[in-house]
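Peer 1: The following block contains the structure, expressed as structure tokens.
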């Protein structure tokens with residue numbers, strides 16, 4: 001990329017292994033403000049693991065993370081949130097027994113001047129944010145486990161955008177959504193992009209994300225196959241990267257690219 | 001999901017959903033049913049004097065069950081409740097009998113109980129050992145240690161301050177002990193913590209889904225530690241209430257306290273799987289056990305039947321909890 005701006009996020013030579021298996025091996029990715037980068041790869045390619053290092057869920061064994069060009073010290077999810085990194089996990093990470101508003105504010109509850117929970121304010125704000133995402137959603141008083149998969153996913157997405165994120169990580173964000181809700185998430189991504197938020201979209205299905213992404217980074221067996229601007233490559237070429245590790249001419253190859261003899 | 005189903009969602013949940021979502025309604029109905037049955041079969045049951053007795057008999061288990069509720073809400077279990085409480089009675093009694101100031105003695109004993117809770121919490125949160133095993137181990141250690149300290153036997157503790165919680169006052173015909181008031185105050189305080197504060201909400205979140213709690217940035221291990229610490233403090237208060245009821249420190253006492261406190265919590269509708277239930281249910285659960293024992297005694301039924309009926313109630317309560325989990 002010829003862009004002279006400082007990347008919002010730069011993950012450099014990041015590695016992590018679990019019991020001798022290199023889940024992520026010397027991987028580097030970056031993300032600019034207002035950009036959507038799709039992180040693609042098969043199940044088990046290491047994309048979720050790489051991104052969980054950025055969100056603080058895992059601690060890296062090696063490598064560094066730069067936020068706005070400055071080294072960032074991310075050791076747990078709280079640290080990541082301090083840098084404005086919000087994550088929508090594939091598992092959603094919601095507490096089933098409490099309602100939507102309580103889930104949106106879990107860990108960052110609003111409080112009254114007396115120090116008690118301000119459920120009224122939290123519900124009002126929840127209605128506002130959920131209204132943006134899923135205008136039909138009305139079940140604010142019920143525990144989240146009573147909600148449909150799509151509604152639960154809306155709750156997880158709302159929680160991520162509630163706190164003025166600068167960096168948004170979405171791990172398979174539309175996995176549980178129907179076509180209409182998926183379209184809504186697509187609209188939301190475009191809107192957040194305009195606000196200058198950088199977004200990592202993780203997916204194992206290229207069709208979900210190709211049209212939304214500015215760039216793709218492809219992983220295979222824990223390594224980065226390569227990076228490419230979506231305008232420079234076709235879906236078939238990206239599929240070749242995902243399946244074979246074969247880098248097309250206009251992509252920048254990474255350590256995991258198939259060596260052409 | 002189709003638009004039709006979205007549009008048909010109601011803002012307010014149905015009555016049935018609300019009843020299912022309020023776990024203390026079922027136990028309350030059970031409590032009322034028992035009271036009606038006992039009142040019909042024995043007119044003495046509803047005498048104010050008898051009601052006072054029921055409350056007094058409920059004080060120790062009722063107080064221990066507060067700590068047990070906190071632990072079970074985090075999906076843990078505490079098998080050392082009785083042993084920690086006995087630790088409190090023995091240490092306070094021993095110190096007073098050695099001539100130490102009674103307030104200091106009781107305060108020190110409560111502090112030790114809090115420390116025992118802290119030790120359990122450190123092993124559970126710090127080393128990630130299962131609560132069942134940790135508290136079972138503490139039960140064994142304390143039981144042996146307390147018999148060694150007290151040289152095997154029980155000893156009388158005669159001190160007006162330690163016995164103060166057993167003193168009575170009359171409120172509109174009811175004879176209440178200060179112990180009952182302390183228990184109710186503790187219920188009020190911990191209810192407030194659980195329902196009105198961030199701390200309480202995080203207790204539920206951790207019991208419900210510890211990984212989600214961690215990912216949203218809740219310091220899960222530190223929070224678990226605070227839960228066991230508070231539980232230990234409550235067991236220490238229960239030790240004071242126990243000395244008010246029986247001015248005797250007995251290393252062999254409270255052997256059924258573990259099961260009884262778990263019974264109160266479970267009958268009260270708190271899920272053994274964590275994250276669901278609450279203190280109002282536990283108070284009702286403790287009263288159910290108290291009413292049952294008292295009513296059956298008044299009816300002249302062999303005490304063995306009390307344990308049998310309590311056992312059946314626990315199993316029914318757990319079965320209902322399991323069924324409502326599967327429903328979702």
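Backbone N, Cα and C define each Cβ position, glycine as well.
Note that TrEMBL annotation is computational and uncurated.
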Peer 1: If you check TrEMBL, which stretch out of B:171-194, B:195-218 is marked transmembrane segment?
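Peer 2: Here TrEMBL associates transmembrane segment with the stretch B:171-194.
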Peer 1: Can you dig out which of the ranges B:225-243, B:244-262 TrEMBL describes as transmembrane segment?
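Peer 2: Here TrEMBL associates transmembrane segment with the stretch B:225-243.
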Peer 1: Kindly point out the range from B:61-78, B:79-96, B:151-168 that TrEMBL annotates with transmembrane segment.
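Peer 2: Among B:61-78, B:79-96, B:151-168, the range TrEMBL annotates as transmembrane segment is B:79-96.
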Peer 1: Spell out yes or no: are there three or more C-beta pairs under 8 angstroms between the transmembrane segment (B:131-150) and the transmembrane segment (B:79-96), with each pair 6 or more apart in sequence?
Peer 2: yes
Peer 1: Could you tell me what the rest of the chain brings near the transmembrane segment (B:171-194), counting residues at least six beyond its ends with Cβ under 8 Å?
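Peer 2: Distant contacts of the transmembrane segment (B:171-194): 48-49, 51-52, 55-56, 58-59, 62-63, 66, 69-70, 73, 164-165, 200, 203-204, 230, 234, 237, 240-241, 244-245, 278-280, 283.
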Peer 1: Under a criterion of three or more Cβ pairs within a distance under 8 Å and sequence separation of at least 6, are the transmembrane segment (B:264-292) and the transmembrane segment (B:20-41) in contact?
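Peer 2: They do touch: at least three Cβ pairs between the two stretches lie under 8 Å.
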Peer 1: Quick one: do the transmembrane segment (B:225-243) and the transmembrane segment (B:79-96) reach 3+ CB pairs under 8 Å, ignoring pairs fewer than 6 apart in sequence?
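Peer 2: Yes, the transmembrane segment (B:225-243) contacts the transmembrane segment (B:79-96).
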Peer 1: Is the transmembrane segment (B:20-41) packed against any residues at least 6 beyond its ends, judged by a Cβ distance under 8 Å, and which are they?
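Peer 2: Here the qualifying positions are 13, 267-271, 276-278, 280-281, 284-285, 287-288, 291-292, 294-295, 298-299, 313, 317, 320, 324, 327.
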